[in-house]
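Per Swiss-Prot, the features are:
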| type | residues | note |
| --- | --- | --- |
| COMPBIAS | 326-340 | compositional bias 'Low complexity' |
| DISULFID | CYS353-CYS419 | disulfide bond |
| DISULFID | CYS382-CYS451 | disulfide bond |
| DISULFID | CYS386-CYS453 | disulfide bond |
| CARBOHYD | ASN211 | N-linked glycosylation site |
| CARBOHYD | ASN327 | N-linked glycosylation site |
| CARBOHYD | ASN345 | N-linked glycosylation site |
| CARBOHYD | ASN395 | N-linked glycosylation site |
| REGION | 318-343 | region 'Disordered' |
| SIGNAL | 1-30 | signal peptide |
Amino acid sequence: MHLTVFLLKGIVGFLWSCWVLVGYAKGGLGDNHVHSSFIYRRLRNHERREIQREILSILGLPHRPRPFSPGKQASSAPLFMLDLYNAMTNEENPEESEYSVRASLAEETRGARKGYPASPNGYPRRIQLSRTTPLTTQSPPLASLHDTNFLNDADMVMSFVNLVERDKDFSHQRRHYKEFRFDLTQIPHGEAVTAAEFRIYKDRSNNRFENETIKISIYQIIKEYTNRDADLFLLDTRKAQALDVGWLVFDITVTSNHWVINPQNNLGLQLCAETGDGRSINVKSAGLVGRQGPQSKQPFMVAFFKASEVLLRSVRAANKRKNQNRNKSSSHQDSSRMSSVGDYNTSEQKQACKKHELYVSFRDLGWQDWIIAPEGYAAFYCDGECSFPLNAHMNATNHAIVQTLVHLMFPDHVPKPCCAPTKLNAISVLYFDDSSNVILKKYRNMVVRSCGCH
(Lines of atoms letter the chains of each structure in order from A and count residues from 1; the text may use other names and numbers.)
(Lines give C-alpha, C1' and ligand atoms only; values in the text may rest on other atoms or scores of the structure.)
Protein backbone atom coordinates (compact mmCIF):
# COMPACT_ATOMS: atom_id res chain seq x y z
CA MET A 1 0.00 0.00 0.00
CA HIS A 2 2.70 2.44 1.02
CA LEU A 3 4.68 1.81 -2.13
CA THR A 4 1.59 2.63 -4.14
CA VAL A 5 0.66 5.77 -2.23
CA PHE A 6 3.96 7.47 -1.63
CA LEU A 7 6.44 6.44 -4.31
CA LEU A 8 6.05 7.75 -7.87
CA LYS A 9 2.46 8.71 -7.24
CA GLY A 10 1.04 5.24 -7.20
CA ILE A 11 2.86 3.29 -9.92
CA VAL A 12 6.07 2.11 -8.36
CA GLY A 13 4.25 -0.63 -6.48
CA PHE A 14 3.24 -1.90 -9.88
CA LEU A 15 6.78 -1.44 -11.20
CA TRP A 16 8.16 -3.44 -8.27
CA SER A 17 5.78 -6.30 -8.82
CA CYS A 18 6.65 -6.39 -12.54
CA TRP A 19 10.39 -6.77 -11.73
CA VAL A 20 11.67 -5.99 -15.22
CA LEU A 21 11.90 -2.23 -14.82
CA VAL A 22 13.45 -2.27 -11.41
CA GLY A 23 16.40 -3.87 -9.72
CA TYR A 24 15.60 -5.11 -6.24
CA ALA A 25 18.19 -5.77 -3.54
CA LYS A 26 17.87 -6.42 0.17
CA GLY A 27 19.29 -3.78 2.44
CA GLY A 28 18.14 -1.11 4.80
CA LEU A 29 18.84 2.43 5.71
CA GLY A 30 21.90 1.54 7.71
CA ASP A 31 23.49 -0.82 5.19
CA ASN A 32 26.75 0.40 3.69
CA HIS A 33 27.01 -2.48 1.24
CA VAL A 34 25.08 -2.11 -2.01
CA HIS A 35 23.81 -5.40 -3.40
CA SER A 36 24.24 -5.63 -7.17
CA SER A 37 21.94 -8.58 -7.90
CA PHE A 38 18.86 -7.64 -9.91
CA ILE A 39 15.82 -9.71 -10.86
CA TYR A 40 14.12 -9.07 -14.20
CA ARG A 41 11.35 -10.43 -16.33
CA ARG A 42 9.92 -9.22 -19.63
CA LEU A 43 6.91 -6.94 -19.48
CA ARG A 44 3.75 -7.91 -21.27
CA ASN A 45 2.66 -5.37 -23.90
CA HIS A 46 -0.28 -4.07 -21.88
CA GLU A 47 1.93 -3.73 -18.79
CA ARG A 48 4.51 -1.74 -20.73
CA ARG A 49 1.85 0.57 -22.17
CA GLU A 50 0.30 1.19 -18.74
CA ILE A 51 3.66 1.99 -17.15
CA GLN A 52 4.68 4.23 -20.04
CA ARG A 53 1.42 6.15 -19.79
CA GLU A 54 1.74 6.67 -16.04
CA ILE A 55 5.38 7.76 -16.12
CA LEU A 56 4.71 10.18 -18.99
CA SER A 57 1.93 11.67 -16.86
CA ILE A 58 4.33 12.12 -13.95
CA LEU A 59 6.84 13.77 -16.30
CA GLY A 60 4.12 16.15 -17.47
CA LEU A 61 4.26 14.94 -21.09
CA PRO A 62 1.06 14.39 -23.12
CA HIS A 63 2.76 11.80 -25.32
CA ARG A 64 6.10 10.13 -25.97
CA PRO A 65 8.42 12.60 -27.76
CA ARG A 66 9.72 11.49 -31.15
CA PRO A 67 12.72 13.69 -31.99
CA PHE A 68 14.66 13.65 -35.23
CA SER A 69 17.44 11.08 -35.32
CA PRO A 70 20.66 12.68 -34.01
CA GLY A 71 23.72 12.77 -36.23
CA LYS A 72 26.87 10.80 -35.64
CA GLN A 73 28.53 13.80 -33.98
CA ALA A 74 26.95 15.20 -30.82
CA SER A 75 25.78 18.79 -31.26
CA SER A 76 26.57 21.76 -29.07
CA ALA A 77 23.23 22.29 -27.29
CA PRO A 78 22.86 18.75 -25.86
CA LEU A 79 26.50 18.74 -24.78
CA PHE A 80 26.02 22.04 -22.96
CA MET A 81 22.86 20.69 -21.35
CA LEU A 82 24.75 17.59 -20.17
CA ASP A 83 27.00 19.90 -18.15
CA LEU A 84 23.97 21.54 -16.56
CA TYR A 85 22.46 18.11 -15.90
CA ASN A 86 25.62 17.02 -14.08
CA ALA A 87 25.64 20.19 -11.99
CA MET A 88 21.98 19.78 -11.05
CA THR A 89 22.28 16.04 -10.34
CA ASN A 90 25.36 16.41 -8.14
CA GLU A 91 23.45 18.90 -5.96
CA GLU A 92 20.30 16.77 -5.70
CA ASN A 93 21.41 13.27 -4.69
CA PRO A 94 25.15 13.07 -3.95
CA GLU A 95 24.65 10.35 -1.34
CA GLU A 96 22.82 8.08 -3.81
CA SER A 97 25.43 8.43 -6.57
CA GLU A 98 27.34 5.25 -5.71
CA TYR A 99 24.22 3.09 -5.82
CA SER A 100 23.01 4.76 -9.03
CA VAL A 101 26.32 4.18 -10.77
CA ARG A 102 26.42 0.52 -9.73
CA ALA A 103 22.84 -0.05 -10.80
CA SER A 104 23.47 1.69 -14.12
CA LEU A 105 26.58 -0.39 -14.75
CA ALA A 106 24.65 -3.57 -13.97
CA GLU A 107 21.95 -2.50 -16.41
CA GLU A 108 24.55 -1.57 -19.04
CA THR A 109 26.12 -5.02 -18.79
CA ARG A 110 22.70 -6.61 -19.16
CA GLY A 111 21.97 -4.31 -22.12
CA ALA A 112 25.20 -5.32 -23.85
CA ARG A 113 24.16 -8.96 -23.59
CA LYS A 114 20.84 -8.07 -25.21
CA GLY A 115 22.61 -6.29 -28.06
CA TYR A 116 21.74 -2.69 -27.17
CA PRO A 117 23.99 -0.10 -28.89
CA ALA A 118 26.74 1.47 -26.80
CA SER A 119 25.27 4.95 -27.17
CA PRO A 120 21.60 4.78 -28.23
CA ASN A 121 20.96 8.52 -28.53
CA GLY A 122 24.35 9.60 -29.89
CA TYR A 123 25.62 11.09 -26.63
CA PRO A 124 28.13 9.80 -24.08
CA ARG A 125 26.78 6.93 -21.97
CA ARG A 126 28.94 7.79 -18.98
CA ILE A 127 28.44 11.43 -18.18
CA GLN A 128 31.56 12.92 -16.68
CA LEU A 129 31.44 15.32 -13.76
CA SER A 130 31.06 18.84 -15.07
CA ARG A 131 33.82 21.42 -14.94
CA THR A 132 32.91 25.06 -14.54
CA THR A 133 35.00 27.77 -16.19
CA PRO A 134 34.06 31.35 -17.08
CA LEU A 135 35.00 30.80 -20.75
CA THR A 136 35.97 27.59 -22.44
CA THR A 137 38.20 27.38 -25.47
CA GLN A 138 37.37 23.71 -25.96
CA SER A 139 34.67 21.77 -27.70
CA PRO A 140 32.22 20.51 -26.50
CA PRO A 141 31.18 23.64 -24.59
CA LEU A 142 31.20 23.58 -20.83
CA ALA A 143 28.63 25.31 -18.67
CA SER A 144 30.12 28.19 -16.74
CA LEU A 145 29.70 28.90 -13.03
CA HIS A 146 27.40 31.72 -14.12
CA ASP A 147 25.11 29.21 -15.85
CA THR A 148 25.07 26.74 -12.97
CA ASN A 149 24.04 29.57 -10.64
CA PHE A 150 20.89 30.01 -12.74
CA LEU A 151 19.92 26.44 -11.81
CA ASN A 152 19.20 27.48 -8.22
CA ASP A 153 16.13 29.42 -9.38
CA ALA A 154 15.07 27.15 -12.25
CA ASP A 155 12.71 24.18 -12.46
CA MET A 156 13.35 23.66 -16.15
CA VAL A 157 16.08 24.50 -18.68
CA MET A 158 15.41 24.33 -22.41
CA SER A 159 17.75 24.71 -25.39
CA PHE A 160 16.56 25.74 -28.84
CA VAL A 161 18.04 24.99 -32.25
CA ASN A 162 18.41 27.65 -34.93
CA LEU A 163 15.56 27.45 -37.47
CA VAL A 164 17.18 29.60 -40.18
CA GLU A 165 18.04 27.04 -42.83
CA ARG A 166 20.32 29.21 -44.97
CA ASP A 167 23.70 29.91 -43.41
CA LYS A 168 24.00 33.26 -45.13
CA ASP A 169 25.57 36.60 -44.34
CA PHE A 170 23.15 39.33 -45.40
CA SER A 171 24.37 42.70 -46.61
CA HIS A 172 22.08 45.71 -46.94
CA GLN A 173 23.39 49.24 -47.39
CA ARG A 174 26.95 48.05 -46.63
CA ARG A 175 25.88 46.47 -43.30
CA HIS A 176 26.69 42.79 -42.71
CA TYR A 177 24.58 40.61 -40.42
CA LYS A 178 23.42 37.04 -39.79
CA GLU A 179 19.92 35.97 -38.73
CA PHE A 180 18.81 33.39 -36.17
CA ARG A 181 15.34 32.20 -35.27
CA PHE A 182 14.11 29.98 -32.44
CA ASP A 183 10.72 28.38 -31.84
CA LEU A 184 9.52 29.12 -28.31
CA THR A 185 5.96 27.88 -28.83
CA GLN A 186 6.71 24.50 -27.18
CA ILE A 187 7.29 26.08 -23.77
CA PRO A 188 4.73 24.68 -21.26
CA HIS A 189 2.02 27.05 -20.09
CA GLY A 190 2.74 28.82 -16.81
CA GLU A 191 6.55 28.76 -17.08
CA ALA A 192 8.26 32.12 -16.57
CA VAL A 193 11.69 32.89 -18.05
CA THR A 194 14.25 33.65 -15.32
CA ALA A 195 17.24 33.90 -17.70
CA ALA A 196 17.98 33.34 -21.39
CA GLU A 197 21.20 33.28 -23.41
CA PHE A 198 22.27 33.17 -27.04
CA ARG A 199 25.54 31.28 -27.55
CA ILE A 200 27.80 31.36 -30.59
CA TYR A 201 31.29 29.95 -31.04
CA LYS A 202 34.17 32.18 -32.17
CA ASP A 203 37.17 30.81 -34.02
CA ARG A 204 40.16 32.92 -34.98
CA SER A 205 39.22 35.82 -37.23
CA ASN A 206 40.48 36.38 -40.74
CA ASN A 207 44.19 37.28 -40.84
CA ARG A 208 43.46 40.82 -42.03
CA PHE A 209 41.83 41.54 -38.65
CA GLU A 210 44.75 40.09 -36.66
CA ASN A 211 45.34 43.15 -34.49
CA GLU A 212 41.72 44.28 -34.33
CA THR A 213 39.28 44.35 -31.44
CA ILE A 214 35.97 43.13 -32.81
CA LYS A 215 32.64 44.25 -31.36
CA ILE A 216 29.85 41.68 -31.76
CA SER A 217 26.26 42.79 -31.11
CA ILE A 218 22.99 40.89 -30.92
CA TYR A 219 19.66 42.57 -31.77
CA GLN A 220 16.01 41.68 -31.53
CA ILE A 221 14.21 42.15 -34.86
CA ILE A 222 11.25 44.44 -34.18
CA LYS A 223 9.89 44.91 -37.72
CA GLU A 224 11.07 43.81 -41.15
CA TYR A 225 10.96 45.72 -44.45
CA THR A 226 11.59 44.68 -48.05
CA ASN A 227 13.46 47.81 -49.15
CA ARG A 228 15.47 48.82 -46.07
CA ASP A 229 17.03 47.57 -42.85
CA ALA A 230 14.74 46.13 -40.20
CA ASP A 231 13.89 47.97 -37.01
CA LEU A 232 16.16 46.54 -34.30
CA PHE A 233 16.51 46.62 -30.53
CA LEU A 234 20.02 46.17 -29.10
CA LEU A 235 20.13 43.35 -26.55
CA ASP A 236 23.80 42.77 -25.72
CA THR A 237 27.34 43.38 -26.96
CA ARG A 238 30.63 41.54 -26.57
CA LYS A 239 34.16 42.56 -27.48
CA ALA A 240 36.79 40.01 -28.50
CA GLN A 241 40.28 40.03 -29.92
CA ALA A 242 40.73 38.60 -33.40
CA LEU A 243 42.74 35.66 -32.05
CA ASP A 244 40.28 34.81 -29.25
CA VAL A 245 38.65 31.38 -29.44
CA GLY A 246 35.66 30.19 -27.39
CA TRP A 247 31.96 30.59 -26.72
CA LEU A 248 30.43 34.07 -26.65
CA VAL A 249 27.35 34.40 -24.44
CA PHE A 250 24.71 37.11 -24.92
CA ASP A 251 21.91 37.96 -22.48
CA ILE A 252 18.54 37.83 -24.26
CA THR A 253 16.28 37.44 -21.21
CA VAL A 254 14.09 40.47 -21.97
CA THR A 255 13.40 39.37 -25.53
CA SER A 256 12.66 35.78 -24.51
CA ASN A 257 10.02 36.90 -22.03
CA HIS A 258 8.48 39.11 -24.71
CA TRP A 259 8.38 36.23 -27.20
CA VAL A 260 6.77 33.85 -24.68
CA ILE A 261 3.98 36.35 -23.98
CA ASN A 262 3.66 37.55 -27.60
CA PRO A 263 4.81 34.72 -29.90
CA GLN A 264 3.59 36.58 -32.99
CA ASN A 265 6.37 39.14 -32.40
CA ASN A 266 9.12 36.53 -32.59
CA LEU A 267 10.93 37.64 -35.77
CA GLY A 268 14.30 36.35 -34.63
CA LEU A 269 17.71 37.82 -33.86
CA GLN A 270 20.35 39.65 -35.87
CA LEU A 271 24.05 39.33 -35.18
CA CYS A 272 26.50 41.98 -36.40
CA ALA A 273 30.27 42.38 -36.16
CA GLU A 274 32.33 45.52 -36.60
CA THR A 275 35.86 46.73 -36.04
CA GLY A 276 36.92 49.20 -33.38
CA ASP A 277 36.40 52.12 -35.76
CA GLY A 278 32.81 51.07 -36.50
CA ARG A 279 33.38 49.35 -39.85
CA SER A 280 30.90 46.51 -40.48
CA ILE A 281 32.58 43.20 -41.35
CA ASN A 282 31.42 39.82 -42.59
CA VAL A 283 30.34 37.70 -39.62
CA LYS A 284 32.16 34.64 -40.94
CA SER A 285 35.36 36.67 -41.40
CA ALA A 286 35.08 37.66 -37.74
CA GLY A 287 35.43 33.95 -36.89
CA LEU A 288 31.83 33.34 -35.81
CA VAL A 289 30.75 29.77 -36.59
CA GLY A 290 27.44 29.19 -38.40
CA ARG A 291 25.49 26.27 -39.81
CA GLN A 292 28.38 25.13 -42.01
CA GLY A 293 30.62 24.65 -38.96
CA PRO A 294 31.03 21.46 -36.90
CA GLN A 295 28.03 20.19 -34.92
CA SER A 296 29.81 20.70 -31.61
CA LYS A 297 30.14 24.44 -32.37
CA GLN A 298 26.64 25.23 -33.62
CA PRO A 299 24.98 28.38 -32.23
CA PHE A 300 21.99 27.83 -29.96
CA MET A 301 19.73 29.47 -27.42
CA VAL A 302 19.16 28.33 -23.84
CA ALA A 303 16.47 29.53 -21.43
CA PHE A 304 15.87 28.91 -17.72
CA PHE A 305 12.28 28.66 -16.43
CA LYS A 306 10.44 28.58 -13.14
CA ALA A 307 6.84 27.45 -12.79
CA SER A 308 4.41 29.97 -11.33
CA GLU A 309 2.76 29.25 -7.97
CA VAL A 310 -0.66 29.22 -9.65
CA LEU A 311 0.53 26.46 -11.99
CA LEU A 312 2.06 24.44 -9.15
CA ARG A 313 -1.17 24.59 -7.14
CA SER A 314 -3.29 23.55 -10.14
CA VAL A 315 -0.95 20.63 -10.92
CA ARG A 316 -1.04 19.44 -7.30
CA ALA A 317 -4.85 19.62 -7.28
CA ALA A 318 -5.12 17.73 -10.58
CA ASN A 319 -2.72 15.04 -9.37
CA LYS A 320 -4.67 14.66 -6.13
CA ARG A 321 -7.94 14.15 -8.01
CA LYS A 322 -6.28 11.73 -10.42
CA ASN A 323 -4.76 9.68 -7.60
CA GLN A 324 -8.10 9.50 -5.79
CA ASN A 325 -9.84 8.22 -8.92
CA ARG A 326 -7.05 5.75 -9.61
CA ASN A 327 -7.15 4.43 -6.05
CA LYS A 328 -10.92 3.89 -6.24
CA SER A 329 -10.74 2.03 -9.55
CA SER A 330 -7.67 -0.06 -8.87
CA SER A 331 -7.77 -0.81 -5.14
CA HIS A 332 -8.62 -4.47 -5.76
CA GLN A 333 -5.82 -4.88 -8.32
CA ASP A 334 -3.33 -3.12 -6.06
CA SER A 335 -4.21 -5.30 -3.08
CA SER A 336 -3.86 -8.49 -5.11
CA ARG A 337 -0.54 -7.36 -6.55
CA MET A 338 0.82 -6.32 -3.17
CA SER A 339 -0.36 -9.52 -1.53
CA SER A 340 1.63 -11.48 -4.09
CA VAL A 341 4.65 -9.35 -3.26
CA GLY A 342 4.10 -10.00 0.43
CA ASP A 343 3.92 -13.73 -0.21
CA TYR A 344 7.21 -13.55 -2.07
CA ASN A 345 8.96 -11.68 0.72
CA THR A 346 7.20 -12.61 3.95
CA SER A 347 10.32 -12.42 6.10
CA GLU A 348 11.02 -8.89 4.93
CA GLN A 349 7.54 -7.76 5.98
CA LYS A 350 8.37 -8.64 9.61
CA GLN A 351 11.41 -6.39 9.73
CA ALA A 352 11.27 -2.90 11.14
CA CYS A 353 10.41 0.07 8.95
CA LYS A 354 13.40 1.07 6.82
CA LYS A 355 14.52 2.15 3.37
CA HIS A 356 14.97 -0.45 0.63
CA GLU A 357 16.67 -0.22 -2.74
CA LEU A 358 14.67 0.20 -5.93
CA TYR A 359 16.03 1.08 -9.38
CA VAL A 360 13.68 2.38 -12.08
CA SER A 361 14.92 1.97 -15.66
CA PHE A 362 13.82 4.26 -18.50
CA ARG A 363 15.82 2.15 -20.88
CA ASP A 364 13.67 -0.94 -20.43
CA LEU A 365 10.72 1.18 -21.51
CA GLY A 366 12.45 1.71 -24.86
CA TRP A 367 12.96 5.43 -24.28
CA GLN A 368 16.71 5.62 -24.89
CA ASP A 369 16.15 7.51 -28.17
CA TRP A 370 14.63 10.57 -26.46
CA ILE A 371 15.85 10.47 -22.84
CA ILE A 372 19.50 11.53 -22.88
CA ALA A 373 20.04 11.09 -19.14
CA PRO A 374 19.65 9.31 -16.86
CA GLU A 375 19.15 5.75 -18.10
CA GLY A 376 17.41 5.11 -14.82
CA TYR A 377 17.52 6.27 -11.24
CA ALA A 378 17.59 4.93 -7.68
CA ALA A 379 14.08 5.63 -6.39
CA PHE A 380 14.16 3.54 -3.15
CA TYR A 381 11.02 2.71 -1.19
CA CYS A 382 9.89 2.32 2.44
CA ASP A 383 8.68 -0.95 3.91
CA GLY A 384 8.55 -2.73 7.25
CA GLU A 385 6.62 -2.97 10.49
CA CYS A 386 5.79 -0.07 12.78
CA SER A 387 5.29 -2.15 15.92
CA PHE A 388 5.56 -1.28 19.59
CA PRO A 389 7.97 -0.10 20.87
CA LEU A 390 8.91 2.49 18.24
CA ASN A 391 12.62 3.17 18.67
CA ALA A 392 14.59 6.21 17.54
CA HIS A 393 15.70 4.52 14.31
CA MET A 394 12.11 4.42 13.09
CA ASN A 395 11.83 8.24 12.85
CA ALA A 396 8.34 7.98 14.33
CA THR A 397 6.11 11.02 14.70
CA ASN A 398 4.40 11.77 18.00
CA HIS A 399 1.11 10.87 16.37
CA ALA A 400 2.52 7.48 15.30
CA ILE A 401 3.62 6.75 18.87
CA VAL A 402 0.14 7.53 20.20
CA GLN A 403 -1.48 5.51 17.40
CA THR A 404 0.74 2.52 18.25
CA LEU A 405 -0.38 2.59 21.88
CA VAL A 406 -4.04 2.87 20.91
CA HIS A 407 -3.58 0.00 18.42
CA LEU A 408 -2.33 -2.20 21.28
CA MET A 409 -5.57 -1.53 23.16
CA PHE A 410 -7.95 -1.66 20.17
CA PRO A 411 -6.24 -3.69 17.41
CA ASP A 412 -9.52 -4.32 15.58
CA HIS A 413 -10.40 -0.64 15.32
CA VAL A 414 -7.12 1.29 15.03
CA PRO A 415 -4.43 0.15 12.57
CA LYS A 416 -0.70 0.31 13.10
CA PRO A 417 1.18 3.38 11.85
CA CYS A 418 2.43 3.21 8.29
CA CYS A 419 6.03 2.99 7.10
CA ALA A 420 6.42 5.91 4.71
CA PRO A 421 9.01 8.39 3.37
CA THR A 422 9.93 11.21 5.73
CA LYS A 423 12.23 12.98 3.25
CA LEU A 424 12.13 12.97 -0.54
CA ASN A 425 14.59 14.27 -3.13
CA ALA A 426 14.16 15.51 -6.67
CA ILE A 427 15.65 14.05 -9.83
CA SER A 428 16.57 15.75 -13.10
CA VAL A 429 15.72 14.32 -16.51
CA LEU A 430 17.40 15.45 -19.74
CA TYR A 431 15.42 14.71 -22.88
CA PHE A 432 14.52 15.72 -26.45
CA ASP A 433 11.11 17.09 -27.37
CA ASP A 434 9.39 16.54 -30.72
CA SER A 435 11.35 19.44 -32.27
CA SER A 436 14.70 18.01 -31.09
CA ASN A 437 15.08 20.81 -28.57
CA VAL A 438 16.78 19.59 -25.40
CA ILE A 439 14.96 20.01 -22.08
CA LEU A 440 16.38 19.62 -18.58
CA LYS A 441 13.62 19.39 -16.01
CA LYS A 442 13.59 18.91 -12.26
CA TYR A 443 10.96 16.57 -10.81
CA ARG A 444 10.38 16.86 -7.08
CA ASN A 445 9.64 14.07 -4.57
CA MET A 446 10.95 11.22 -6.75
CA VAL A 447 13.68 9.70 -4.53
CA VAL A 448 13.24 8.46 -0.96
CA ARG A 449 15.94 9.79 1.37
CA SER A 450 14.64 8.44 4.67
CA CYS A 451 11.73 6.45 6.06
CA GLY A 452 9.72 6.60 9.26
CA CYS A 453 6.51 5.57 10.95
CA HIS A 454 3.49 7.83 10.37
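Placement of Cβ uses the backbone N, Cα and C atoms for every residue, glycine included.
Here CYS386 (disulfide bond) comes close to ALA352, CYS353, MET394, ALA396, ALA400, THR404, LYS416, PRO417, CYS418, CYS419, CYS453: these same-chain residues lie at least six apart in sequence, with C-beta atoms under 8 angstroms from its C-beta. Between the alpha carbons (Cα) of CYS451 (disulfide bond) and ASN395 (N-linked glycosylation site) lies a span of roughly 7 Å.
A distance of 68 Å separates the Cα atom of ASN211 (N-linked glycosylation site) from that of ASN395 (N-linked glycosylation site).
Considering only the disulfide-bonded residues CYS353, CYS382, CYS419, the Cβ with the fewest other Cβ atoms within 10 Å is that of CYS382. Cα to Cα, ASN395 (N-linked glycosylation site) and CYS382 (disulfide bond) are separated by 12 Å. All protein chains shown were included, and the count of other CB atoms within 10 Å of the CB of CYS453 (disulfide bond) stands at 27. CYS386 (disulfide bond) carries neither a helix nor a strand DSSP state and counts as coil. DSSP classifies ASN395 (N-linked glycosylation site) as coil under the three-state reduction.
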